[in-house]
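K.L.:
This is the structure I want to talk about, given as structure tokens.
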């Protein structure tokens, strides 16, 4: 009986791994819940660029550092928790390497005022990187 259970578990696992997914990323995900999110992010970055011309590159690098470790989850934005958890933000490889946290915080404040509780921090960071490429890449 144990061998049948093992066979069944392996069969289900294999089926789930090989079954194609129909989920797709959608560039219009926030079109109904927060339709101006891209414009908000771009406006805040334009303001930040006035005082710091390097902020665009910093936001792109911040997005890279977030995605590099365990996927684009916004974990690089988390602060340490009273010394019990060391976040990516303050990890040794990111010391003096990542910057732009204030710009992301400013974007988050403006986005939260417009669309409270709708847009994730990971998406804000991705949108900030995208807008930075558009604004600085010309």
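First residue shown is number 1, and so on along the chain.
For all residues, glycine too, the Cβ spot is worked out from N, Cα and C.
Straight from TrEMBL, here's the annotation block:
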- 65: active site, proton acceptor (ACT_SITE)
- 66, 69, 71, 73, 75, 88: Ca(2+) binding site (BINDING)
- 34-115: disulfide bond (DISULFID)
- 67-72: disulfide bond (DISULFID)
- 24-138: domain 'Plant heme peroxidase family profile' (DOMAIN)
- 1-23: signal peptide (SIGNAL)
- 61: site 'Transition state stabilizer' (SITE)
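I'd like these features described in context: how deep, what's nearby, how far apart.
P.N.:
Residues near residue 65 (active site, proton acceptor) in space but far in sequence (CB under 8 A, at least 6 apart, same chain), listed by position: 76, 88, 94, 97, 98.
Residue 73 (Ca(2+) binding site) falls outside any helix or strand according to DSSP and counts as coil. Remark: residue 73 (Ca(2+) binding site) has 66, 122 as non-local neighbours, by Cβ distance under 8 Å and separation of at least 6 in sequence.
The Cβ of residue 115 (disulfide bond) lies under 8 Å from the Cβ of 30, 33, 34, 37, each of these being in the same chain and 6 or more residues away along the sequence. For the recorded site, residue 115 (disulfide bond), the DSSP three-state label reads coil.
A C-beta separation below 8 Å, combined with a sequence spacing of at least six in one chain, links residue 67 (disulfide bond) to none of the other residues.
Listed in sequence order, the residues of the same chain lying 6 or more apart from residue 61 (site 'Transition state stabilizer') and placing their CB within less than 8 Å of its CB are 97, 98, 99, 100.
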K.L.:
If you count Cβ atoms within 10 Å of each one, which of the binding-site residues 66, 88 comes out on top?
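P.N.:
That would be 66, with the highest Cβ count within 10 Å.
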K.L.:
Fewest other Cβ atoms within 10 Å: which of the recorded positions 34, 69, 72 wins that one? Let me know.
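P.N.:
Per-residue Cβ counts within 10 Å for the recorded positions 34, 69, 72 bottom out at 69.
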K.L.:
Measuring CB to CB from residue 71 (Ca(2+) binding site), give everything in the same chain under 8 Å that is also at least six residues away in sequence.
P.N.:
none
